[in-house]
Structure formats: structure tokens, C-alpha cells
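K.L.:
Okay, handing you the structure first.
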């Protein structure tokens, strides 16, 4: 088994971070001594200052290892930088505590803040450059790992499709479930073991039709041949992350919670939604005024559109209605009066007035054939100004009012239409367990290109594994999607 390219780059990252610490604190010291940062005040001599910097560098290594910044696991760049930012906060807190405990000499807090900011910038830069170098290496075939996928069903086909788009892995082949029982493992994997240039380095099991005994044999085969083994867990293995135990006599019972968004989790998320939406409405109010004026000037009709959407499911039956519209000076409302489990979602109007009436005529052109959603890339109903707003998701900003009211959250599943929900299976109804969001996992993962079932799986994962850190990652990813226009829904 070859040494992974990721291991080499991780080994490079560690001394790179230590060097960044030394450079950052030395540069901050220089700026402080020259009076560029802060006023005239007493500063330690460099001979006293530098030994303390070495101690700070040691704490940096410990903190970064503890927070798994040097893990070999693949992470999106946005998540990596978010984790770097979080680690810098923890690290600076430890350094401040250390400074408070020792009282032998004075150490400027402003100098420390400057050094941390410089270090974060250097850390961002080095990680960005290492990613570029790694991608170049993968493009020329260095460090690429050959993968065999076991399973020919939907999720295995999805994994195979994703492998074609990802750097660092090469899909060697797919083994169908029926062949697993007919052939020995050595016979199954022999086509890829003959060629040294395409030898198997990873096996991904993506099927729930493999018997436990056969799965154990596959694992042993991989372990004996130094092949990395990965598998896709079934529903309860993947969704039982949040459990609570109850002892009845000597027997433990595990309660599987459908989402961590209960109790304090629900309260914390709601508080952050209120603060975030309130601040957002105030800061963005000039943009609201500008967009409103542009809509009135270039697209005669109301500024806003109110769309009836299905919110968090409270009952097993949803009140669905046949849409109709009522147009006013500021708001075009599409849908019947509000029913139970529904709410009015506000957006800047990006289509011509009465555009919903033409939807049935365009249904034959629907590009989403895999589910109940309607998607048309070059929708003739969208105005030129509307295309610009949709490109940067400006049309969704009025949903901040929905968040403040409590109809929606900043982050959550996509808000769904009546007609869509009426076609959902019982399994797909899981995405209605929490409030819909302005952005979410599906939206930042290319919801317009994802199969509908995969979109449901992403939203279900979010519901089952919610955390504040996951929300931060999605927010950062949303900014990236809007800027680069990659993966936008």
C-alpha cells in the first residue's frame, strides 16, 4: 500500500504552521516596535519575547492536533478554513490564560491579536496553495487512489458518479451484488490486481443486500491486502447519532431522536435565527429599497411575491390547495388562504405578473424528471432583472422576514410547494420535521443538479445531525456558492 499523498501534505502542513507562528509573531513584534500597530508603550526585548513565542507555537501544535486539523480525512476547503478560524480562537484563549497566570513580564494584548490575525492569514494562504499543488499532482496521476465500488443500486451508482468528478480517486469498476455470492473474492478483484498501474487501493461497499458474513469476508480481504475499506451505513446506523438511554431494571433502552433540534438545541437555533434575521434586515434595508425601485421601474407590477409553502409538519395530513393569485401594489400573492402547516414565503418578484398561470403549459419542458420538483433553466417567465437577482440569490432576501416571524430558519431544508409535497412518499416527508430554511445542505450542494432522492438524503442528514458547527459550515458554503455561482440551486 502506497503512502497517501494526503499524508505527505499533512506532514508539510505541520512545520508550515509552526513557521507561520514564528513569522506572524515576529512580524507583529516588528510592527509594534515601529509604532505601526498601537501607540508608544513598553515592549519586551526580543530576547525575552522569542522564547515565549516558542511556547506559544507548542500550544498551537497541541490545539490543532486536538481539533483534528491535521487529520487525513478529506474536508471541503470552506470547512477547513472554518475549523482553522475556530482553532485560532481556542488557541488565542489559551495563550491569554497563560499570560494572565504569569505575571513576570508585560506582554501586549494588541501584539497578540495582530499576531493571531497574521497567522490566520498565513494559514489560509498555505492551505490554499497546498490544495492547488495537491490538485496538480492528482491531475498528472500522482497519488490517485483506485476504487472499486460494490453494489449496482441507486446509492452505489451515485457514489460512482461522484467519483468521476472528484480529484484523487479513480473508479476502477463496479461489482454487482449477484456476483458477490457466485465468485470468490480473489476472483472478483483479480481484474484490477493484475495491472500495477490500476491496483485497488480502496473498496467502497454501497449495498444493503450483502450478508453480514460476506461483508466480514470483504473486510478481512481488504485488511489482509492493505486495502482501505469504506461502507455506506444503513438508515439506523447513520441516523442514530443522537440517542438517549433509559434503564428499565437491568435493561437499557435507547431512544432514537429524529433530530437534535429539541430542547436547548431548538432554543439556541431560534435565538440565532431571530438575531441574524433582525440584524440582516437592518443592514440590508438600503438594498431592499434599491431592488424595490428597480423592480417598479423595469418590471411593472408588485415588488414582492408571496408564495404559499408547506412548513414544519404538525399533523400526518397536510392541507393542500390549488394555487390562485391576488395581485396588489406591493405584493403578488400566489396560493389559497393560509392553511394549517402552511405559510406565506416572501421573495422579490423575479417573474412577470401571473407567471404561475403559465406553469402547466411549461410542464412538458420540466428538466426534473426524477421527482415532483419543477425546474426549467431558461424559464421564459423570468424577467432580465429577475435573472440577475436569482444569479446572486438576491430575490430570497425578503425571507429574512419569514425567519424573524418564525415561519422559517436561516438554515434548513428547502421550502416546498403544495403540489410537490402531495407527491412525496412517506420517507420523503421526513424533510418536513423542522422549519424550512433560506439555505441548506441541498442548496449548497447543487440542488438543481442533484437527483431528488439525493436532495432528500442531504436534508435528512442535516435534520438528524444538526449542530451549530454544521450551520456555520453551511453559511460559509452559501457565501462561496453565491460568489462562485457553483452548486447553486
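Cβ coordinates come from backbone N, Cα and C, glycine included.
Automatic, uncurated: that is what TrEMBL annotation is.
Quick paste of what TrEMBL says about this protein:
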type	residues	note
DOMAIN	269-315	domain 'Bacterial sugar transferase'
DOMAIN	327-483	domain 'Bacterial sugar transferase'
TRANSMEM	12-31	transmembrane segment
TRANSMEM	51-71	transmembrane segment
TRANSMEM	83-101	transmembrane segment
TRANSMEM	107-130	transmembrane segment
TRANSMEM	274-295	transmembrane segment
K.L.:
Residues of the same chain, at least six outside the transmembrane segment (51-71), with any C-beta under 8 angstroms of its C-beta?
P.N.:
10, 13-14, 17-18, 21-22, 25-26, 80, 83-84, 86-87, 90-91, 94-95, 98, 107
K.L.:
Could you give the residue numbers and ranges of same-chain residues that sit at least 6 residues beyond the transmembrane segment (12-31) on either side and whose C-beta is under 8 angstroms from one of its C-beta atoms?
P.N.:
37, 43, 46, 49-50, 53, 56-57, 60-61, 64, 70, 111-112, 114-116, 118-119, 122-123, 126-127, 130
K.L.:
In the domain 'Bacterial sugar transferase' (269-315), how many residues does DSSP assign to helix, to strand and to coil?
P.N.:
29 helix, 7 strand, 11 coil
K.L.:
Could you tell me the mean pLDDT the prediction assigns to the domain 'Bacterial sugar transferase' (269-315)?
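P.N.:
Mean per-residue confidence for the domain 'Bacterial sugar transferase' (269-315): 88 out of 100.
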